[in-house]
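Noted in TrEMBL for the protein shown:
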- Arg154, 174-177, 242-244, Gln248, 296-299, Arg476, 487-488: substrate binding site (BINDING)
- Glu170, Asn172, Glu393: Mg(2+) binding site (BINDING)
- Glu170, Lys335, 389-398, Tyr400, 425-428, Glu451, Lys478, Glu484: ATP binding site (BINDING)
- 232-332: domain 'Glutathione synthase substrate-binding' (DOMAIN)
Amino acid sequence: MSQQSASSSLPPTLPLRRGDLEGTAALPLLEYHAINQQLLHKIAYDALVWSSLHGLVTGDKSVERSGSVPGVGLVHAPFTLLPASFPQSHWKQACELAPIFNELVDRVSQDGEFLQESLSRTKKVDEFTSRLLDIHSKMLELNKKEEICLGLHRSDYMLDEQSKSLLQIELNTISSSFAGLGGLVTELHKNILSHYGELLGLNSERIPTNTACNQFAEALAKAWCEYNDSRAVIMFVVQAEERNMYDQHMLSLALRERHHITSVRKTLAQIDQEAELLPDGKLYVDGQAISVIYFRAGYTPLDYPSESEWRARLLMEKSSAIKCPSISYHLAGTKKIQQELAKPNVLERYLENKDEIVKLRKCFAGLWSLDESDIIERAIERPELFVMKPQREGGGNNIYGDAVRETLQKLQKAGSQEDAAYILMQRIFPTSFATIFMRSGSCHKNHAISELGIFGTYLRNRDKVIVNEQSGYLMRTKISSSDEGGVAAGFAALDSVYLT
Ligand SMILES: Nc1ncnc2c1ncn2[C@@H]1O[C@H](COP(=O)(O)OP(=O)(O)OP(=O)(O)O)[C@@H](O)[C@H]1O
Ligand SMILES: [Mg+2]
């Protein structure tokens, strides 16, 4: 171990300083890149074996059938060998926000006019958002009320280095991924530290337990109970090709093993073919009654290659099955709504508790619509301080750096309404630290930044809130030079939290 030699090149956040942690024996200084090569390889080897044995895996892109046939062409999910440090105070702050955001989404989702009005300009230029809004309008016309609402959310944050504040990147209300594999990485890191912690000067108990998978399964199971049809199953709406399928299968397995509930997987196209909606609102797919519809597809225009998929989405929305998310929960999680909620006096329309409003506002980064001309000028001047975001999910769609300037100037020249497709956001700059990535069986030392996602589960039946909880977490780490952050999209690696 060459722990001492690392002290001169300490990055700002990672190292544990002697006496930093109350009640902890003095910890040695540590810089992950200074770990002795032999020890590093030993830990990496153990970690790779652990991931294979525990299902910390995804489909390998180079094997064609790996996206559709389980058990074929597996590769370990990208992960970091050791956890990322995160201050306890900000961790607590992020966890406390989860039930407040859950409630906010629920309240906003019930204000159909606000959703339609806020997205009305976007609707004109963004075909995908427009189709979602059409479904939403139809439900408003039918005066359809969702009696049972289920939210499985993930709110993502970065810790801004300069302001030392925890700032929200976005809130995902549809297909919040990695409740399964994220928890496995936590277990992996705990396992590594219980073996090597003493050598590394790290304590496995500093990694918060992560029960995201069980909590997601429990919320789904409770929703299933509320629907109250013991023959009905939970339907996972999935993409035809899904290399992140094991993250989803972990949830189905937990449903089966812990709650004795059957789940089925269907693509939107299959649902269009096989679904039947009875006059009383009951949904049957391939002859099977469906109680809960859990979307792991349907969040990107790519999931709707033809009218068939849109038909399926509309049919499901019309049904009395519990939708996770309903169309209004989906819309409440769009980036445009995030920006509208950050305007003065908007939160007050949905929440009564002043302390909660203060807590939410504290984590809002700068957010602007593109009809604010002074901010456009500022962004053209200093594009590196902004991120431009269209109404998309799944990673790889945001605009950064010089491309922000070019896009804004192009939009200005065109003078069209196209600008309504985007929002502008303050760019957050987290502190970079030394980490070790594990990708395709190899170790890579890099400087990296992290993004903390906190899962939230919410279940309401009419006036009764049955679940409103913080439900585990997902730490994602990416090399500091990368703009985007998705794991499945290939930018980031799964990580966990080491509280400091
Ligand atoms: N304001 C910001 N400052 C710095 N980085 C950002 C900012 N907004 C987004 N990012 C980076 O871009 C990534 C993708 O952004 P965002 O989450 O808004 O898009 P998305 O397509 O909804 O992604 P996801 O698939 O994670 O839901 C984030 O994970 C983060 O790494
Ligand atoms: Mg998202």
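Yeah, the Cβs are placed from backbone N, Cα and C, and that goes for glycine too.
For the binding-site residues Asn172, Ser175, Ser177, the ranking by surrounding Cβ atoms (within 10 Å, all protein chains) places Ser175 first. Here the domain 'Glutathione synthase substrate-binding' (232-332) is broken down by DSSP into helix, strand and coil counts: 43 helix, 26 strand, 32 coil. Between the binding-site residues Pro390, Gly396, Pro390 has the most other Cβ atoms inside 10 Å of its own Cβ, all protein chains included. Around the Cβ of Glu393 (Mg(2+) binding site), 19 further Cβ atoms fall within 10 Å across all displayed protein chains. Not one of the binding-site residues Ser175, Ser177, Tyr299, Tyr400, Lys478 places a Cβ under 6 Å from an atom of ligand 2. Proximity to ligand 1 at the level of Cβ atoms, with a cut-off under 6 angstroms, picks out Glu170, Glu393 from the binding-site residues Glu170, Ser175, Glu393. For the domain 'Glutathione synthase substrate-binding' (232-332), the predicted model reports an average pLDDT of 98.
Using CA atoms as reference points, the binding-site residues Glu170, Ser175, Gln248 were checked against Arg427 (ATP binding site), and the closest is Glu170. Sequence-distant neighbours of Glu170 (Mg(2+) binding site): residues of the same chain at least 6 apart with a C-beta under 8 Å from its C-beta are Ser155, Asp156, Gly333, Lys335, Gln338.
Rounded to a whole value, the Cα-Cα separation of Gly396 (ATP binding site) and Gln248 (substrate binding site) is 22 Å. Counting in whole angstrom, Ser177 (substrate binding site) lies 12 from Glu393 (Mg(2+) binding site) by their C-alpha atoms. In this structure, the C-alpha atom of Lys478 (ATP binding site) lies 9 angstrom from that of Val487 (substrate binding site).
It is 16 Å from the Cα atom of Tyr400 (ATP binding site) to that of Glu393 (Mg(2+) binding site). Comparing CA positions across the binding-site residues Asn172, Pro390, Glu393, the one lying closest to Arg243 (substrate binding site) turns out to be Glu393. Compute the center of the Cβ atoms of Glu170, Asn172, Glu393, which mark the site for Mg(2+); besides them, the chain residues with Cβ within 8 Å of that center are Arg154, Asp156, Leu171, Thr173, Ile174, Ser176, Tyr299, Gly333, Lys335.
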